[in-house]
Amino acid sequence: MSQESSYGKWTISSSDDSEDEKPKPVKPSTSSGPQAGQGVSKEPTYTCSEARKAAHKRQISPVKFNNTDSVLPHKKQKMDSPEGLGWCLSSSDDEQQPDVTQQEQPKGVPPQEKKYAPSANVTTAQKVEDRSPPDSHRAQRADEEYETSGEGQDIWDMLDKENPFQFYLTRVSGIKAKYNSKALHIKDILSPLFGTLVSSAQFNYCFDVNWLIKQYPPEFRKKPILLVHGDKREAKADLHAQAKPYANISLCQAKLDIAFGTHHTKMMLLLYEEGLRVVIHTSNLIREDWHQKTQGIWLSPLYPRIYQGNHTSGESSTHFKADLTSYLMAYNAPPLQEWIDIIQEHDLSETNVYLIGSTPGRFQGSHKDNWGHFRLRKLLQAHAPSAPRGECWPVVGQFSSIGSLGPDESKWLCSEFKESLLAVREEGRTPGRSAVPLHLIYPSVENVRTSLEGYPAGGSLPYGIQTAEKQRWLHPYFHKWSAETSGRSNAMPHIKTYMRPSPDFSKLAWFLVTSANLSKAAWGALEKNGAQLMIRSYELGVLFLPSAFGLDTFKVKQKFFSSSSEPMASFPVPYDLPPELYGSKDRPWIWNIPYVKAPDTHGNMWVPS
């Protein structure tokens, strides 16, 4: 689709107006002839967003950077410094407009995939990367690297009482080993060291079934696996085709009756001979999400079975068992009844986090408090500490995609949503809503360009131009991605977190890790003059509250992977605090426009279509 605005005319691949990650049917590649990475499909074999398809295409068929003017339009333009890379979303007339439009390419001719000639402004690292094996070989090498991903680290040390939060990051290929020493790959989670697997359920948005099966240890690969998905029509048929060769895989389709909803929840239910474990995380079940991205994981304790005669409900002080059961019941899906029964048979009393889920529907009365941001509001009103008198504690939101939030901040972000984030036990002592700073962390173009993956990392940041140009009011809230504390500044975030830090960012009132991006579809939006909450998608996360750990507040851990010299109650925030506001030249990453002014870390440009 072609779209014209004050920013110029662009060819748009898909609409982003209502939701961040819309499922699209995947069709087999019909391309022929030699390709960069021959034998690899131009499109992923799994259902995914248009943004991820563009990233996949550019990884196997990159457009090399050339610092001549041959790829730029022949018109006089003011040149910006490198900091000014990317889309200009300012109303100022003297800001530079984008360099290349689809309109200016010869009709029917794709951008030339030029041979890369290193220039003076290309780093040594970029030159070295250009001499490395093709992407398909690098992918294979990385997979082999992860065959023994847990070696060199004692998983039992990671799961002991020294880590009361059981909050982890995924391993990242290409960073210093010390930053992976207490991180987890999916193979670690599915390892026999965690338990003798009987069966498992995988709730997710994107599935690469062949890849997923290989992540299980060989001795567990024929154990029953239930895939809970939201695919419809062609995408559903594709997933069924992927699963067909595996007799042990069954599928459960989550009902999505409201337009633009997705099954975005990412959870594993792992039944062992020794008990049950719940894993709530932020990664799709595809290789890319476990390779060079920042992702979050919460691991439950190993829940023991409740034996007959042991008169216990197995409930925790956080009501986790009842809330997880209610979440699964909301699917109204017969295949999940077996898992509901399994949960009832286990003792979840050691759980110290609260479950926050979203399920599609329109909720009124007390049902409004069960899901989405009203669920968060209810829990904070019951348990969140108030700020000391005279202190104004900000709120932080960090996410990988953004939905359509309305024509101004008053329509949702700084009204109902912020009101939920600001909820506390003692309402009378809080400053006015407008006085509380709101820091939103979302990667800039420069963050993506200099990342480990380069521009294709932006395929997992599907903020589209159609949405962005309607809500320029949002962008002054944006802060850069920076994660020196965890060694992940160059591993683009797919994790989503929300928290309430102290004014000096040394303490936390609460911390949430979730699948929910910054969108009304994920969190819900009020209708009928506030009488009804409408949610489109399935989401799931866990809330850490100090009171559940016998504390007033959490202290922020200085270094995510530091030794146990810090107090046990120090919470490991995975990125740097305080967040750094975008500079005047920074622009939010927008996936469906080109970036051609400077190469990424692989010497490539970004031409998404």
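Each Cβ is built from the backbone N, Cα and C atoms, and glycine gets one as well.
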Looking at 401-404, 417-420, 557-560, 561-564, which one is region 'Interaction with DNA' according to Swiss-Prot?
401-404
Which one of SER81, SER132 shows up in Swiss-Prot with the note phosphoserine?
SER132
Between THR148, THR312, THR485, which does Swiss-Prot record as phosphothreonine?
THR148
So which of SER32, SER136, SER149, SER316 shows up as phosphoserine in Swiss-Prot?
SER149
SER519 (site 'Interaction with DNA') and LYS266 (substrate binding site), distance between Cα atoms, whole Å:
17
Look up LYS266 (substrate binding site) in the DSSP assignment and report helix, strand or coil.
coil
Cα of LYS496 (substrate binding site) to Cα of SER519 (site 'Interaction with DNA'): how many Å, rounded?
12
What does DSSP assign LYS496 (substrate binding site), in three states?
strand
Helix, strand or coil by DSSP: which one applies to SER61 (phosphoserine)?
coil
Which residue counts does DSSP yield for the region 'Interaction with DNA' (401-404) in the helix, strand and coil classes, in that order?
0 helix, 1 strand, 3 coil
Looking only at SER61, SER519, which of these recorded positions has the biggest number of Cβ atoms within 10 Å around its Cβ?
SER519
